[in-house]
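> Have a look at the structure that comes next, please.
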Amino acid sequence: MKIVLATNNKDKVKEIKAFYDGYEIYALNEICEPFEIDETGSSFKENALIKATAVYAKLCALKLENEFIALSDDSGISVEALGFAPGIYSARYSGKDATDASNRKKLTCELHKLRLKKSGAFYTACIAVASKFGNFSTHGFMYGTVIDEERGDNGFGYDFMFMPDGFDGTIGQLDVKTKLAISHRSKGLELAKYILNSLEKYYK
């Protein structure tokens, strides 16, 4: 059984490959021409399933459904002081042409509008799997505090502003091994292993 990820995000691909080192994993652009997927869902789960099923439909069109499954991740940060924004809009928080840097800048500005330097926050990740045997999903969470400054140089997204509970530094200041052990995505991927292990025997 081979896995195609519903993303071309190099950081996500690298992180998922590191976690699932026993599986044969491909980025979307390694299997087919990249295509836009409209994330029209109202939750992380809905968006993750939209992405996974769209990629699986492409696999079926290429007659690869007996060889591959599709796996997607939809994740984001929810900040208590901001009414749990940006949530599902984390990747495009600062607008249509958002970048990680512009999103972090907007988050800092929103905190400062409230005269805050920090707030309770949590990350959510939904992992969705689409296969010829159906669609499945899991969730992972990481709780902590978001701060109004960036620290560290390891990670992406909002990692440099997020201090997980039990740690004195941000995710951006942690080594890769520690991040993989505690992250929301890793927790969701760990639960998804049960799905992958169950499916794998039918693809041999």
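Heads up, the Cβ atoms here are built off N, Cα and C, so glycines get one too.
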> Pick the one from SER75, SER78 that Swiss-Prot also lists for the substrate site with THR7, ASN8, ASN9, LYS10, ASP11, LYS12, PHE156, GLY157, TYR158, ASP159, LYS179, HIS184, ARG185.
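It is SER75, as the record lists it for that site.
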> Measuring CB to CB from THR7 (substrate binding site), give everything in the same chain under 8 Å that is also at least six residues away in sequence.
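Expected: VAL13, ALA27, LEU28, LYS51, SER72, ASP73.
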> Pop the Cα-Cα gap between ASP74 (active site, proton acceptor) and HIS184 (substrate binding site) into the table, whole Å please.
11
> What is the separation, in Å, between the Cα atoms of ASP159 (substrate binding site) and ASP74 (active site, proton acceptor)?
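Counting only the Cα atoms, the answer is 16 Å.
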> Near the Cβ of ASP159 (substrate binding site), how many other Cβ atoms are there if near means within 10 Å?
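ASP159 (substrate binding site) is surrounded by 25 other Cβ atoms within 10 Å.
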